[in-house]
């Protein structure tokens, strides 16, 4: 893979409010043991009523700046991965541009659901490698609690809120990106959706309360079948073996799903980083949260080779192999 960009900084933010399994017991017919057994989740963070995806995104970028120690005025592209933008338009990316007063930049949102962060990294790397841009800010931000049906016990136990940001800069000598693999199965879109204008999909009537609707069984089957094949293809493209990978960071959809993917891909679970236990499923945000949690715990070292894999609604997926080096 011809890459000329490097990951140079990371920042994250989660809301203060915690929604525990015990809290959910008071809202729906469920219990802590049932949730942990099926998902591995104990807590998730929930945005306040007047806190939106743009607010979380801005705080994640501010957190990035505490370690980056430089200003962002020369950022020439802002990419925001989100399914829960404050508005249909303007984009969250434009709100970030306004807040940080970045003078000359392209700014747009992309919607690839839980694969949004890896999509954003891939697009950002491609823009820099092409020579059209030099510094790209990639942000993932979600307030899924605002579109979660808290009467549906199969979905409301899953989702949480948060934001993560990564900075990409042109560096031909120490590029981060090694390989990518991606794919889409639009036929499976009916299994995970949230309505907007249309009330049907491929002539099938939809639930139209604008909340997340998921056929968990079908999504599980697709992910545990598709992602292991994608990992194999990704390693083949990079001319690597799993032994060459220091850390596997999948989308933190559900711990049981991750365990199945690891088993089928022969990935030791101790080489896997997630944010699922105390953050829940934060869609596009789960991978940067897992990365930053590991960084803060001292697990990530400069020179580590990481395999990131996002997958979700669409149905769509994208995996990346990158070298981690913030030096």
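One-based numbering along the chain as shown.
The backbone N, Cα and C atoms fix where each Cβ goes, and this holds for glycine too.
In this structure, residue 114 (active site) is part of a helix by DSSP. Counting every protein chain shown, 32 other Cβ atoms lie within 10 Å of the Cβ of residue 114 (active site). Residues annotated as active site in Swiss-Prot: 114 (among others).
Proximity of residue 251 (active site) to non-local residues of its own chain (separation of 6 or more, Cβ distance below 8 Å) is seen for 114, 115, 283, 286, 287, 309, 310, 311, 312, given in sequence order. For 251 (among others), the entry in Swiss-Prot reads active site.
The feature active site is assigned by Swiss-Prot to 281 (among others). Secondary structure at residue 281 (active site), as computed by DSSP, is strand. Taking a C-beta cut-off of under 8 Å and a sequence gap of six or more, residue 281 (active site) has these contacts in its own chain: 41, 44, 114, 144, 158, 159, 160, 252, 253, 254.
The list of residues near the region 'ACP-binding' (252-256) in space but at least 6 beyond its ends in sequence, with Cβ under 8 angstroms from a Cβ of it, reads 38-41, 114, 158, 220, 223, 274-277, 279-282, 286-287, 289-290, 311-312. What Swiss-Prot lists as region 'ACP-binding' is 252-256.
Per DSSP, the secondary structure of the region 'ACP-binding' (252-256) breaks down as 2 helix, 0 strand, 3 coil.
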